[in-house]
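This report concerns only the one structure given below.
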Amino acid sequence: MNKKIKFNTKNLDLYYGDFQALKSINLEIYEKEVTAFIGPSGCGKSTFLRCLNRMNDLIDSVKIEGEIIFEGQDINGDIDVINLRTRVGMVFQKPNPFPMSIYENIAYGPKCQGVKDKTQLDTLVKESLVKAALWEEVKDRLNKSALGLSGGQQQRLCIARAIAMQPEVILMDEPTSALDPIATAKIEDLMSKLKKDYTIIIVTHSMQQAGRISDKTAFFLMGEVVEFNETPVIFTNPADKRTEDYITGRFG
Amino acid sequence: MEAIKRKKLKEKIIENIFLICACVAVISLLAITFFVFYNGLKPFVSNSYSLWSFLTGVEWRPGSNLYGILYMFVGSIFATLGAIIIGVPVAILTAVFIAELAGSKVGKLIRFAVELLAGIPSVLYGVFGLGIIVPYVLKISPMAQGESLLATILVLAIMILPTVISISETSLSTVPMEYREGSYALGASKIQTIFRVVIPAARSGIMTGVILGIGRAIGETMAVMLVCGNPIAGIPTSIFSQIRPLTTNIALEMGYAAGVHQELLYSTGVVLFIFIMIINFTVNKLVKAKVGS
């Protein structure tokens, strides 16, 4: 197995004002795998995730040092952020479909990039919904408001919306934490299918989830990566005592 | 026993004080409505003036017993429409600027200015219009005077700004951050996010602001009176025409009018009243229908 490195961070520090939220993160994320970030609340895993598509730009007080190499380019530098975000999609903790129709939700991203052709958009909408395992449930009501969908359906819609951009990477920030177990199972199922085509990075509070779906797992604690390895190794034979303590439920 | 009874009585009395206060508003509404309608409908019921001539006439000459308000009605509509067409886009873009684009310092400064603008007495808007806008209009106008539909529109457009801005801004800032994040994460630019997600999501609140703006524009009297010209006849044919909105007609003559003349001023009030009700009702319906879909 000789997989390509998609993201490579070098000595990444992040500050919120005076508070250092990430401390010298060095991680290599491989293509077409599921990489999971676990760790207690406030450990920096979501913050790190949001560095990968520059979502932290939205927060004024954030300062970032170090490098994040994406496909050979440091994305902390002077890059086209919009282009980056079309290549690195994101799904959020709380399903956040726009208050418009299901169709318009999916077509939104492509339209912002200037796609106007109706047939092209139609195809894109259908393909994305099929890939997100939502097509069968919504094909008869594409023009109805997306807010009428259930939470699980809304989250799959958000995944479909990300897929419509034909990204290389999909970031998922605790995508199932607001969902019931059945909806969660559907999304997990979906993720294992999607990793054939996409690199998936997921932040999760559920260690079982990380164990079920990820190929590699990074354990974050107080802004540091304590351990990063193949998921089975992390869960059965962790090298660091703190990882073991967290995984066996001794804290967190 | 006695103490409990007294306590209950006290509660009852206080409750009733609240009720009485609440009744003041309702009673006032009923009293004004009744008063205006009673006086305003009198001339038509007693046949001292024809309703048809009143509604379709384009001359108001109390001396010659001519009381037509159609041209005033048209003037009111044109002035309001013009103020909305100019004022609303400016107000919405200002609200967007405050809520989405300006830094917190600049935003606060502009918000403060808008609040002050809201507090200026309307007669001062009129004086400003008369002193600054009317002379400018006169410069470009083919007419002999600057008091005109255009001057009225400009003054009203400024006057509705604070209402529309502050209500739009409030509703823009209640749009959840998640929508913006979702949009940025899909590679949308800031401007795309604002126009395609944030403004549509705030639509119903913005429309409320616009309705209140319309209400203010139609009902405004004092400022308008100073810049509109108040002609005694004629449907406005250009933006430089003078107009005589329904409101100023009442304010100008109520002080000295008597008999049928006075009653027909009340009738003007009735028309104004019904007109505003219809507008509020339809716009409300339209907004609800649109938001529902």
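Residue positions begin at 1 at the first shown residue.
Cβ atoms here come from the backbone N, Cα and C positions, even for glycine.
These come from TrEMBL:
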- B:73-283: domain 'ABC transmembrane type-1' (DOMAIN)
- B:16-38: transmembrane segment (TRANSMEM)
- B:69-102: transmembrane segment (TRANSMEM)
- B:114-137: transmembrane segment (TRANSMEM)
- B:149-172: transmembrane segment (TRANSMEM)
- B:193-215: transmembrane segment (TRANSMEM)
- B:264-283: transmembrane segment (TRANSMEM)
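Sequence-distant contacts of the transmembrane segment (B:114-137), counting only residues of its own chain at least 6 positions beyond either end whose CB sits under 8 Å from a CB of the stretch, comprise 94, 98, 146-148, 150-152, 154-155, 158-159, 161-163, 165-166, 220-227, 240.
The listed stretches are B:16-38, B:149-172, B:193-215; of these, B:149-172 has the most Cβ pairs under 8 Å to the transmembrane segment (B:69-102). Proximity of distant same-chain residues to the transmembrane segment (B:149-172), defined by a Cβ-Cβ separation under 8 Å and at least 6 residues beyond the stretch ends, is recorded for 75, 78-80, 82-84, 86-88, 90-92, 94-96, 98-100, 111, 114-115, 117-118, 122, 125-126, 128-129, 133-134, 137, 141, 198-199, 202, 204-206, 208-210, 212-214, 216-217, 220, 223-224, 227-228, 236, 238-243, 245.
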